[in-house]
């Protein structure tokens with residue numbers, strides 16, 4: 001803003017506070033020394049931003065947390081990391097894949113499940129999964145034995161089997177009625193019979209002629 005005079009007690013108090021900031025140990029940039037000359041008729045064009053005070057023609061005294069010729073830039077201490085931009089003092093806008101107050105943490109969209117770790121790989125956030133999980137978020141379990149016959153891997157090494165199948169890999173067919181005479185259940189409710197037997201449960205003996 002352009003200062004017209006020192007008549008306002010609020011303005012005077014503000015300037016004294018600003019001088020106090022400069023004289024204290026602050027992490028804000030120090031653009032003007034404590035003994036600066038203040039010109040009440042000074043004009044700044046463009047005007048000082050973010051509460052900065054025009055102390056001499058085209059010279060701004062910036063509020064804590066701002067810098068630049070017209071106090072147009074916010075500053076963050078520590079600086080925003082990993083390409084983040086300082087939006088306002090102490091507040092960074094982070095690039096995708098980074099988070100935390102100063103963009104110092106790698107973040108994966110949606111997080112990493114099942115004990116996965118989010119790390120930066122060639123500048124891109126990625127979930128690194130434990131050995132028994134896979135997928136972009138480590139959401140897919142791995143069944144080393146595989147799940148056959150339409151089974152689904154629901155947890156490491158554990159298959160959920162459709163009706164009619166059992167076993168760790170859904171490889172064992174279930175026949176509601178047992179196969180007789182040495183027959184073997186080869187698919188749900190289907191028996192493979194040993195000669196000379198036949199029938200749904202291998203209960204029939206073929207007659208020899």
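Just so it is clear, glycine is given a Cβ too, placed from its N, Cα and C backbone atoms.
Per TrEMBL, the features are as follows:
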SIGNAL    1-24  signal peptide
DOMAIN    40-72  domain 'EGF-like'
DISULFID  44-54  disulfide bond
DISULFID  62-71  disulfide bond
DOMAIN    104-139  domain 'EGF-like'
DISULFID  108-118  disulfide bond
DISULFID  129-138  disulfide bond
DOMAIN    171-203  domain 'EGF-like'
DISULFID  175-185  disulfide bond
DISULFID  193-202  disulfide bond
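If you measure from the Cα atom of residue 129 (disulfide bond) to that of residue 118 (disulfide bond), you get 9 Å.
Spacing of residue 175 (disulfide bond) relative to residue 193 (disulfide bond) is 13 Å (Cα to Cα, whole number). On the backbone, the CA of residue 62 (disulfide bond) and the CA of residue 138 (disulfide bond) stand 48 Å apart. Cβ neighbour count for residue 175 (disulfide bond): 18 (other Cβ atoms within 10 Å of its Cβ, all protein chains included).
The disulfide-bonded residues close to residue 193 (disulfide bond), defined as a CA atom within 10 A of its CA, are 185 out of 44, 54, 71, 118, 138, 185. Tertiary proximity for the domain 'EGF-like' (104-139) is limited to same-chain residues at least six positions away from its ends with a CB under 8 Å from its CB atoms, namely 81-82, 96-98, 156-157. Sequence-distant contacts of residue 138 (disulfide bond), defined by Cβ-Cβ distance under 8 angstroms and a gap of at least six in the same chain, are 112, 113, 114, 115, 116, 127, 129, 130. Mean pLDDT, taken over the domain 'EGF-like' (171-203), works out to 93 on the 0 to 100 scale.
A straight line from the CA of residue 44 (disulfide bond) to the CA of residue 71 (disulfide bond) spans 11 Å. For the pair residue 185 (disulfide bond) and residue 202 (disulfide bond), the Cα-Cα distance reads 10 Å.
When the Cα atoms are compared, residue 202 (disulfide bond) and residue 118 (disulfide bond) turn out to be 57 Å apart.
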